[in-house]
Amino acid sequence: MNDTRIPLAGVIGSPVAHSRSPLVHGHWLRTYGIAGHYVPLHVEPGQLEEVVRSLPKMGFVGANITIPHKEQIMEIADQVTDRATLIGAANTLIFRPDGSILADNTDGYGFITNLHQAAPDWDPATGPAVVFGAGGASRAVIASLLEAGVPEILLSNRTRERADQFRSEFGSRIQVVDWVQVGNVIEQAALLVNTTSLGMVGKPRLRVPLDGLRSSTVVTDLVYTPLKTDMLQWAEDIGCTTVDGLGMLLHQAVPGFERWFGKRPEVDAATREAALA
Ligand code: ATR
């Protein structure tokens with residue numbers, strides 16, 4: 001019997017109303033004329049397993065996973081990709097025809113693909129990356145930078161123990177720098193990445209002194225509200241190539257869309273516009 005059901009996908013989180021994923025996937029579905037739907041699903045942690053197990057029976061082919069479920073979903077999935085295991089969290093689920101659930105993490109892919117697209121002259125091998133923050137988002141960034149061949153990562157976090165933990169997990173290419181000292185190593189950066197929430201609307205400002213920044217450094221911020229953070233403005237003013245955080249959000253959505261709906265979508269100006277609507 002042919003399955004003629006329209007494929008469904010969605011984003012599972014709590015809260016989820018602010019998520020831009022429905023705008024992005026909805027834009028791609030319309031652009032490519034695909035009969036499918038992508039919906040926000042507000043799910044509390046206690047209901048996660050029950051909801052996820054019931055979705056394939058309702059015609060869902062997959063889902064994105066966001067706060068606060070990205071770690072818990074690892075226990076529920078039947079299979080977890082190597083990159084999700086390395087990062088310790090998943091953001092993308094594939095519901096297979098046999099009923100099993102595969103959990104993947106596309107954040108690192110999204111980060112590095114966006115960086116290559118937005119800063120095509122950046123060569124990972126040219127020098128160290130300075131990374132602010134050692135939280136969940138940072139794990140994906142660090143894993144992808146190491147895989148891309150960055151020789152050294154100077155990692156700094158307010159809570160130093162979290163950065164030390166990264167060094168023990170990811171190895172000696174990570175050098176931990178005290179949060180209050182990080183201004184002193186900025187001049188070494190071929191790439192500078194902010195993975196903290198500092199600079200986001202409603203959060204404190206990023207107060208790291210950036211005086212040592214060189215104009216040859218590529219500077220990127222995972223924060224995308226606002227699109228142009230103070231850090232990116234500073235970097236732009238001295239002539240650096242800057243990369244905002246929206247591109248990572250868009251690129252991390254690509255592998256899921258392709259698996260669920262059978263079309264590899266383009267990340268272009270129209271996609272950015274759709275995400276900001
Ligand atoms: P995410 O998954 O978005 O990375 P997270 O795991 O809570 O969220 O990590 C948030 C990051 O922002 C951490 O690096 C955090 O530093 P701590 O590990 O010391 O908490 C950083 N961060 C948040 N608020 C901060 C602040 N006021 N000053 C410095 N760093 C801050």
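Just so you know, glycine gets a Cβ as well, placed from its N, Cα and C.
Annotated features in TrEMBL:
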type: ACT_SITE; residues: K70; note: active site, proton acceptor
type: BINDING; residues: S19, R20, S21, T66, N91, D107, Y224, Q252; note: shikimate binding site
type: BINDING; residues: D82, G133, A134, G135, G136, A137, N157, R158, T159, R160, E161, R162, L222, G245; note: NADP(+) binding site
type: DOMAIN; residues: 11-93; note: domain 'Shikimate dehydrogenase substrate binding N-terminal'
type: DOMAIN; residues: 129-197; note: domain 'Quinate/shikimate 5-dehydrogenase/glutamyl-tRNA reductase'
type: DOMAIN; residues: 245-270; note: domain 'SDH C-terminal'
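Each of the binding-site residues S19, S21, N157, T159, Q252 was scored by the number of other CB atoms within 10 A of its CB, and the lowest score belongs to T159.
D107 (shikimate binding site) and G136 (NADP(+) binding site) have their C-alpha atoms 10 Å apart, to the nearest angstrom.
When the Cα atoms are compared, E161 (NADP(+) binding site) and K70 (active site, proton acceptor) turn out to be 22 Å apart. Spatially close to T66 (shikimate binding site) yet at least six residues away along the chain are V11, I12, G13, V16, S19, S21, N91, judged by Cβ distances under 8 angstroms. For the recorded positions listed here (R20, K70), the lowest count of other CB atoms within 10 A around the CB belongs to R20. Helix first, then strand, then coil: DSSP counts for the domain 'SDH C-terminal' (245-270) stand at 17 helix, 0 strand, 9 coil.
For the pair formed by L222 (NADP(+) binding site) and K70 (active site, proton acceptor), distance between Cα atoms is given as 18 Å, rounded to the nearest Å. With a cut-off of 6 Å between Cβ and the nearest atom of ligand 1, the binding-site residues T66, A134, N157 reduce to A134, N157. Taking the domain 'SDH C-terminal' (245-270) as a whole, pLDDT averages 98 in the prediction. Residues V11, N64, L249, A253 surround the recorded shikimate site, their Cβ atoms falling within 8 Å of the Cβ centroid of S19, R20, S21, T66, N91, D107, Y224, Q252, which are themselves excluded. In this entry, D82, G133, A134, G135, G136, A137, N157, R158, T159, R160, E161, R162, L222, G245 make up the residues listed for NADP(+), with the farthest two CA atoms of the set 29 Å from each other. Counting every protein chain shown, the Cβ of A134 (NADP(+) binding site) has 26 other Cβ atoms within 10 Å.
For K70 (active site, proton acceptor) paired with G136 (NADP(+) binding site), the C-alpha to C-alpha distance reads 9 Å.
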